[in-house]
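Shown next, in structure tokens, is the structure this report addresses.
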Amino acid sequence: MEQSNYSVYADFILLGLFSNARFPWLLFALILLVFLTSIASNVVKIILIHIDSRLHTPMYFLLSQLSLRDILYISTIVPKMLVDQVMSQRAISFAGCTAQHFLYLTLAGAEFFLLGLMSYDRYVAICNPLHYPVLMSRKICWLIVAAAWLGGSIDGFLLTPVTMQFPFCASREINHFFCEVPALLKLSCTDTSAYETAMYVCCIMMLLIPFSVISGSYTRILITVYRMSEAEGRGKAVATCSSHMVVVSLFYGAAMYTYVLPHSYHTPEQDKAVSAFYTILTPMLNPLIYSLRNKDVTGALQKVVGRCVSSGKVTTF
């Protein structure tokens, strides 16, 4: 009995992104730079949306919620990863692994649904502009955010208890840099094929539901844009939607590779590389993709920077 308890609740060992990195401090500096850039850029975007009245619209409200989710998402994984890189002590407790596993699933699921519902916002803005204030009222916006978090939480509450109840009586070494589901299941000494099939169906549903909303919304948007007579209106509509489509393609593409494509088609090293892309790089890229081509956001940033420079000059004088 003692051995059984130990096999279930003992600590795990995270092997990391690169198990045998030749320059660990260089890797640490790179990951830290990406982490700080991600946190700073998302915080700046949230502040700009909050203080600039021109950005008090449903679209920017949803973007601020996406930034908040990205901050929580990257903070769930990267700090532990950085500590492991510096201390060379890669152990993570069973409780810590469970918490990380739950938060990762919840936040990832919330992003799937939020990106899907954000396409509905674009559909209403372009296809039904006269009804936009009613169809995207503040109440509707909060319902969209709540629905996204609820969808993600269901994923976390369903999969986490089942994944963590398997007896891990083989090696305790997780060939990953965080407690991701496929890497954890490889440590189980019981047959997990039935659960993996159920998880596969669950992941398909988690992707299919928001992806259906995205496909339907952008099909209607393309039809509406095609019928527009003014070139300026077309350009503005395309520019508004292109950033969202880039983010959707990056996040959904990486998730489909990891959870939908059969595991025989990719190696553990490839899994870690793809996971690093959508857990570390995507939270940094999202604010850049949405902001660089957005005149409202860049204008708000220039306005704030101008105020800071002016106040600095006055103080110095």
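Quick reminder: no glycine exception, Cβ is built from N, Cα and C everywhere.
The feature topological domain 'Extracellular' is assigned by Swiss-Prot to 1-22 (among others), with sequence analysis given as support.
Among the features that Swiss-Prot reports, N-linked glycosylation site is placed at N5.
Taken from Swiss-Prot, the feature transmembrane segment covers 23-43 (among others).
According to Swiss-Prot, the topological domain 'Cytoplasmic' annotation covers 44-60 (among others). Long-range contacts of the topological domain 'Cytoplasmic' (44-60) within its own chain (CB-CB distance under 8 A, at least 6 residues past either end) are made by residues 67-68, 118, 121-122, 125, 132, 136, 138, 140-141, 240, 287, 290-291, 296-297, 299-301, 303-304.
The transmembrane segment annotation in Swiss-Prot covers 61-83 (among others) and rests on sequence analysis. Residues 14, 16-17, 28, 31-32, 34-35, 38-39, 42-43, 45-46, 49-50, 89, 92, 96, 100, 103-104, 107-108, 110-111, 114-115, 117-118, 121, 141, 144-145, 148, 177-178, 279-280, 282-284, 286-287, 290 of the same chain lie 6 or more positions beyond the ends of the transmembrane segment (61-83) yet place their CB under 8 Å from a CB of it.
Residues or ranges marked as topological domain 'Extracellular' by Swiss-Prot on the basis of sequence analysis: 84-97 (among others). Assigned with DSSP, the residues of the topological domain 'Extracellular' (84-97) fall into helix, strand and coil as follows: 8 helix, 2 strand, 4 coil.
Swiss-Prot lists C97-C189 with the feature disulfide bond. In the three-state DSSP assignment, the secondary structure recorded for C189 (disulfide bond) is coil.
For the transmembrane segment (98-118), same-chain residues at least 6 beyond its ends with a Cβ under 8 Å from one of its own Cβ atoms are 59, 62-63, 65-66, 69-70, 72-73, 76-77, 80, 92, 144-145, 147-149, 151-157, 159-160, 163-164, 178-181, 184, 206-207, 209-214, 244, 247-248, 251-252, 255, 279. The transmembrane segment annotation in Swiss-Prot covers 98-118 (among others), and the record cites sequence analysis as its basis.
Within its own chain, the topological domain 'Cytoplasmic' (119-139) is flanked in space by residues 58-59, 62, 213-214, 216-218, 220-221, 224-225, 237, 240-241, 244, 248, which lie at least six positions past its ends and keep a Cβ under 8 Å from the stretch. Summarising the annotation, Swiss-Prot assigns topological domain 'Cytoplasmic' to 119-139 (among others) and lists sequence analysis as the type of evidence.
According to Swiss-Prot, the feature transmembrane segment maps to 140-160 (among others).
Residue counts for the topological domain 'Extracellular' (161-197) under DSSP, split into helix (H, G, I), strand (E, B) and coil, are 14 helix, 2 strand, 21 coil. If you look up Swiss-Prot, you'll see 161-197 (among others) marked as topological domain 'Extracellular'.
Under the heading transmembrane segment, Swiss-Prot lists 198-218 (among others), citing sequence analysis as support.
Per Swiss-Prot, topological domain 'Cytoplasmic' is recorded for 219-244 (among others), and the stated evidence type is sequence analysis. With a cut-off of 8 Å between Cβ atoms, the residues of this chain six or more beyond the topological domain 'Cytoplasmic' (219-244) that come close are 59, 115, 118-119, 122-123, 125-127, 289-290, 293-294.
For 245-265 (among others), the entry in Swiss-Prot reads transmembrane segment, with the evidence type sequence analysis.
Residues of the topological domain 'Extracellular' (266-271) grouped by DSSP class, helix first, strand second and coil last, total 4 helix, 0 strand, 2 coil. The topological domain 'Extracellular' annotation in Swiss-Prot covers 266-271 (among others) and is backed by sequence analysis.
The feature transmembrane segment is assigned by Swiss-Prot to 272-292 (among others), with sequence analysis given as support. With a cut-off of 8 Å between Cβ atoms, the residues of this chain six or more beyond the transmembrane segment (272-292) that come close are 17, 31, 34-35, 37-38, 41-42, 44-45, 63, 66-67, 70-71, 73-74, 77-78, 104, 175-178, 180, 243-244, 246-247, 250-251, 254-255, 257-258, 266, 298, 301.
Among the disulfide-bonded residues C97, C189, the residue whose Cβ has the fewest other Cβ atoms within 10 Å is C189. Here the transmembrane segment (245-265) has long-range neighbours at 108, 111-112, 115, 119, 180-182, 199-200, 203-204, 207, 211, 214, 218, 271, 274-275, 277-278, 282, 285-286, 289-290, meaning same-chain residues at least 6 beyond its ends whose C-beta is under 8 angstroms from one of its own. The list of residues near the topological domain 'Extracellular' (84-97) in space but at least 6 beyond its ends in sequence, with Cβ under 8 angstroms from a Cβ of it, reads 8-16, 24, 27-28, 31, 164, 174, 177, 179, 184.
Residue counts of the topological domain 'Cytoplasmic' (44-60) by helix, strand and coil are 14 helix, 0 strand, 3 coil (DSSP-based).
Within the same chain, residues 175-176, 180, 182-183, 257-258 sit at least 6 positions outside the topological domain 'Extracellular' (266-271) and bring their C-beta atoms closer than 8 Å to a C-beta of that stretch.
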